[in-house]
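*Asks:* From Swiss-Prot, here are the annotated features:
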BINDING   10-17, 57-61, 115-118  GTP binding site
LIPID     188  S-geranylgeranyl cysteine
MOD_RES   188  cysteine methyl ester
MOTIF     32-40  motif 'Effector region'
């Protein structure tokens, strides 16, 4: 059975672990516990063939900047995550996450993933953002950044409601199996 390695990166507390747990178990975790490193595996059928989708969760916190890239070798696709209600996490996509994965894995495709979309219209969240003269990141703005950074695609989801959740992983699988404008199956190698 062929394995697809998918590594999830992004700032701490943007919902990377919730995304993975909600997708793999259909349950939303009740408390926040920062991740050091975790992995999950699910079997998916693609064109009648079974594949193992290996999902690698990483720590977003700066303390792990030197440790995190150790999970990058042989990656088939990255999910670069930010919270649509945390504008700083969106800025870090350009400032930190895409440069980091591009440095270690320049040929590996990635998707830009906007998380926590259920909070985009939440009155309490909108009020909190407004106090800081901020607003949620719109779909258009996410798509524009994805195009600028040459992501395969921009996708959004809510791990809480599962809206768009399956689509994130379907698109990741497609990107891994058919990387656009590149030779097939360029994997990340760290020398």
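Cβ coordinates are placed from backbone N, Cα and C, and glycine is handled just like the others.
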*Asks:* Find, among the binding-site residues listed as 13, 117, the one whose Cβ has the highest number of other Cβ atoms within 10 Å in the structure shown.
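*Replies:* Ranked by Cβ atoms within 10 Å, first place goes to 117.
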*Asks:* Between 10, 16, 58, 61, which of the binding-site residues has its C-beta surrounded by the fewest other C-beta atoms within 10 Å?
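*Replies:* Sparsest of the binding-site residues 10, 16, 58, 61 by Cβ contacts within 10 Å: 61.
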*Asks:* Need the DSSP three-state call for residue 16 (GTP binding site) to compare against my parser.
*Replies:* helix
*Asks:* Based on DSSP, name the secondary structure state of residue 58 (GTP binding site): helix, strand or coil.
*Replies:* strand
*Asks:* Work out the three-state DSSP category of residue 10 (GTP binding site).
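*Replies:* Strand, per DSSP.
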*Asks:* Can you tell me whether DSSP puts residue 117 (GTP binding site) in helix, strand or coil?
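*Replies:* In three-state terms, residue 117 (GTP binding site) counts as helix.
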